[in-house]
Protein chains: 4
Amino acid sequence: MFGVKTLRAVRICRASVLWRPSQTVTRTQSVAAGPRVDIGGIYPPIATPFTQNEDVDYQKLDENLRKYAKIPFRGLVVQGSNGEYPYLTDDERVEVVRRVRLALPTCQLVLAGSGCESTRATVVMTERMARAGADMVLVVTPCFYKGKMDSRALVHHFTQVADSSPVPVVLYSVPANTGLDLPVDAVLRLAQHPNILGLKDSGGDITRIGLIVHKTKAQDFQVLAGSAGFLMAAYSVGCVGGVCALANVLGNELCDLERLCVSGRWDDARALQQRLIEPNAAVTRKFGVPALKQAMEWFGYHGGACRSPLQPLSDVESQQLRLDFSTNGWI
Amino acid sequence: MFGVKTLRAVRICRASVLWRPSQTVTRTQSVAAGPRVDIGGIYPPIATPFTQNEDVDYQKLDENLRKYAKIPFRGLVVQGSNGEYPYLTDDERVEVVRRVRLALPTCQLVLAGSGCESTRATVVMTERMARAGADMVLVVTPCFYKGKMDSRALVHHFTQVADSSPVPVVLYSVPANTGLDLPVDAVLRLAQHPNILGLKDSGGDITRIGLIVHKTKAQDFQVLAGSAGFLMAAYSVGCVGGVCALANVLGNELCDLERLCVSGRWDDARALQQRLIEPNAAVTRKFGVPALKQAMEWFGYHGGACRSPLQPLSDVESQQLRLDFSTNGWI
Amino acid sequence: MFGVKTLRAVRICRASVLWRPSQTVTRTQSVAAGPRVDIGGIYPPIATPFTQNEDVDYQKLDENLRKYAKIPFRGLVVQGSNGEYPYLTDDERVEVVRRVRLALPTCQLVLAGSGCESTRATVVMTERMARAGADMVLVVTPCFYKGKMDSRALVHHFTQVADSSPVPVVLYSVPANTGLDLPVDAVLRLAQHPNILGLKDSGGDITRIGLIVHKTKAQDFQVLAGSAGFLMAAYSVGCVGGVCALANVLGNELCDLERLCVSGRWDDARALQQRLIEPNAAVTRKFGVPALKQAMEWFGYHGGACRSPLQPLSDVESQQLRLDFSTNGWI
Amino acid sequence: MFGVKTLRAVRICRASVLWRPSQTVTRTQSVAAGPRVDIGGIYPPIATPFTQNEDVDYQKLDENLRKYAKIPFRGLVVQGSNGEYPYLTDDERVEVVRRVRLALPTCQLVLAGSGCESTRATVVMTERMARAGADMVLVVTPCFYKGKMDSRALVHHFTQVADSSPVPVVLYSVPANTGLDLPVDAVLRLAQHPNILGLKDSGGDITRIGLIVHKTKAQDFQVLAGSAGFLMAAYSVGCVGGVCALANVLGNELCDLERLCVSGRWDDARALQQRLIEPNAAVTRKFGVPALKQAMEWFGYHGGACRSPLQPLSDVESQQLRLDFSTNGWI
């Protein structure tokens, strides 16, 4: 329908070479000893399938991973918000990362969510995930004491973590879950840290995102959109990729959108982007993780159950979810 | 510096013919007797200069208008939020519109803010502004009883106004001032009204804007970005123009940005867009109308005083404002 | 059932002498030439009945007033939020105040809402309402430019109004409508003005209210609760009365509650207070002015229509409203 | 100064017999086999002292507990928000509870915060804390997926926990930290569970609290105010006690306030309450846990360090904190 399918070549394992946006090519790699990893591209923040007893279903996870390995993703985010990581034990968190690393080709990055509320726990978890094979860690803003999580506290937190981390760090701001936006001035400070590579911004404030790209140009700082809903707009203002819940379901299509944006085919990109907004909203802010898992089942993946207190969709919600895919031509 | 100045031809009065985005060309004009007015382009929401006694300074207004007439704006918004319209009497509101219409070439549209809290007052004000020469009216969401301003109430309000208005209506959603976002489902309903042309969306939620563009394709509905901060992103998702406070100060530059977006020169557009974010934030959400008026003075326009309770900037604020322009190379 | 009905003597026109809370008796009247008016007691913020054509129905207003004159209210608030004042023309606003003053016994205070967005309009409206017979004016926080309505701007606004007002001023903070809480430090500054008598606080933050009472003890500053939902708690922390939408419907009952609080009969007060919370919520934040007007019809008053864009209740809402009264034994 | 000190008898270990509000005496104990525990009274939500290395300082904790044991508290809350529980490991959480139980007289209740994000983790932690000696558990609303934490999910969560808990459960709603208010309808459903004793409500919406007391009268459901700022108002509407951060510092004074409220000495209560609002705000929403710990040092307790990312107060903040105590006569 969009004529983009033919563009999708066998990209796996050549991603970082072939399809980078032009602006990243000329970056000066000044901050660290060697060049920074190019993290540009699409990442599904993978769901964690559970059995009916709410145990982690590692077998179903493996089956999902085998499928994801064939999609030209830049990598996978393990234990972003959609991974129900706050519902996993520490050991489960590490084990899931280990499994993912084993299942993926080495050219696909494993970006592991190692954030905890305390700095010391985050340092420990970061170290464990690096040992389990994470290529990078994604560190969410601590948020319980949100009234005290000002720039001073957050800069201190992320600096401590980055100082001790064996692998590069990506900052993670997700106000819908945390009630807290990582302040721009804190981002600008942290962008200067040699072990902090970039930011995943799930807030969707495109003005803010554009400003961050602008003010961090000298630091080789890479910004990823945190949702498929504003992926094209994010590319337009200088983001290098996206971590998109919807990529668990429509992974190839999001990689198509990436390529259209990167290659400057904006009219085609717009047409594709627009068809993705409603399905994306449905599996994120409208119905959440239970909807993402339900949609995964429809599209040939294993969603499985959620852990309580997350509840399965009601029948009405499920019908509405289906409608959000079907009216946009995906089912 | 950006090589775009040479693009800026004598566009005045040919705007609607020459530089429309391609997607508007093929629109079917099905909803009304004749083709709809193409409202694509840049609009400054003009400030209302006051004397030190807080009277409207019509002379200084006229001098500003003479300058704006030479910039390739698609038109002017009179009595958007930056016009301090809630501080004007009804007669002042109409008189300002009359003056603007007289001062502009006919090819520049006058988009007059006629919104009031009650439907009946809005109907009356709309009629008066049309008689005073407004080409279109911009109708803000009523907001005092925000808990009751659901889709039902808002659809009723805008429908009543559009039914009786002698000129086309543009919807106006500005949550930073009203505490209320015009719901998407209300927009979709209202887009079907033959006398409702489009929407000015100042909320900046680019996902929402993209969705509205997508879902109103069949209705020849035109969406304008309500701020310079996300203008380029708005073009990328299908907006046809922008109403930008910053255009009171950097009008030609915003018209440059328009042209870069419309002609698909996204890399140049991005570079220009990024330099506009901080100055725009400074004259809008950071320091507000007093900052806009201060900056106008710096750039050769008359800002004049604000009406109370708006207060002039403090010295510290003024210095910060200047910095937001100078660090981006505008002063 | 509560044994309080027998307490309700013929209080009209002796209110200010008989039933004041003990703490007001010993106040020093230091700020102005004479003693300040004691504003303690209950006020209905009266609704404005409209005809089916949405004209002000002065006859029905008069009939309501005749009934209110027999209830031991301390006075009436005219053009608080429940009076749909943002939907009235300036002339209508003044005329309604004039009618109310004519219809009430002189011992009942007329507290007229004269707030407008601009300071100059508020000054003019205040003057007009004083001439029309208002005993005091109630001045709401301007709110359209909420980002700029800091303490500096608000102190300036209220000071200008109070300086020029022929009658005493009561501050009015109603964040549910304005999106703005008058800051505590601004209240403390303004409490020192000799022509500012007190504050109507509709936010319901009882900690804040207690703090304001505490910090203004030296200024003979009187705080009124802005809702029946927290009236008893407000008395407990030192408020002297309440402006309660529900008093349009259950006026005698709220005067009963006042007396129980003032006389220290807290157990009886609690039992009565609790039965008022749900009906009060129903006619305020849950269903708003249309519900208040519907309930007025049930209780023998004229509610009449609302002006658009306010819509009448749906059948389902109306049933729910009825339930909120009946489950608490009021219907 | 207030004449209340003489009221403070040796209450320890007779609390539940002597000073209960009258309305609790006549409650029918219908829901469970035996009578429910009367939880009325004051609880400090104790801070967790850390060493400079951010290890739990059990010795200093013990010294604090020895002092708290001499104050007529109804009990201690261990691992409420002020205990930095999100920064503790699971083992630390249990160990702290064990220490507290050992250090207190048996008449003082240990109310242990056992809430985790997932239902299964909360069930396990509840069981562990009960074995460690907790008399009751305090279970906070899970909040990470706030968009999905509707009444259905929360009722399911708390029911699962209460069904399996060896000790009674108290619900805990603290929107300032969680961004989530436990909905009233969920509270009313859960109040019917035989193993759910009550609610700690830290939101401070006194109307809501009054409504909950009103609608749960038949269930012997006990509501505790979650802050000293609205303690008196909470008593006035029917709460039976309070969990107050400030009680870590001014424990006897809060027990005084309790007694004044319970014995109906409202004028004295008001005078004392008002002096507590600013110090309480200072150690909670204004400056948070670091301020609480600083103030504890001033008043003879061990606050110790916070765990990162919480930062110590700046000098300016520390001076302001001191002022909030001194201007109210506490230092």
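Heads up, the Cβ atoms here are built off N, Cα and C, so glycines get one too.
Automatic prediction, not curation, is the source of TrEMBL annotations.
Listed in TrEMBL for this protein:
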- D:Tyr172: active site, proton donor/acceptor (ACT_SITE)
- D:Lys200: active site, schiff-base intermediate with substrate (ACT_SITE)
- D:Val243: pyruvate binding site (BINDING)
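Structure coloured by features recorded in TrEMBL.
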{"residue": "D:Tyr172", "record": "active site, proton donor/acceptor", "DSSP class": "strand"}
{"residue": "D:Lys200", "record": "active site, schiff-base intermediate with substrate", "DSSP class": "strand"}
{"residue": "D:Val243", "record": "pyruvate binding site", "DSSP class": "strand"}
Original post:
So what sits near D:Lys200 (active site, schiff-base intermediate with substrate) in its own chain, CB-to-CB under 8 Å and at least six residues off in sequence?
Top reply: D:Val77, D:Gly80, D:Leu138, D:Val170, D:Leu171, D:Tyr172, D:Ser173, D:Val174, D:Leu224, D:Ala225, D:Gly226, D:Val243
Original post:
D:Tyr172, D:Val243: which of these recorded positions has the highest Cβ count within 10 Å of its own Cβ?
Top reply: D:Val243
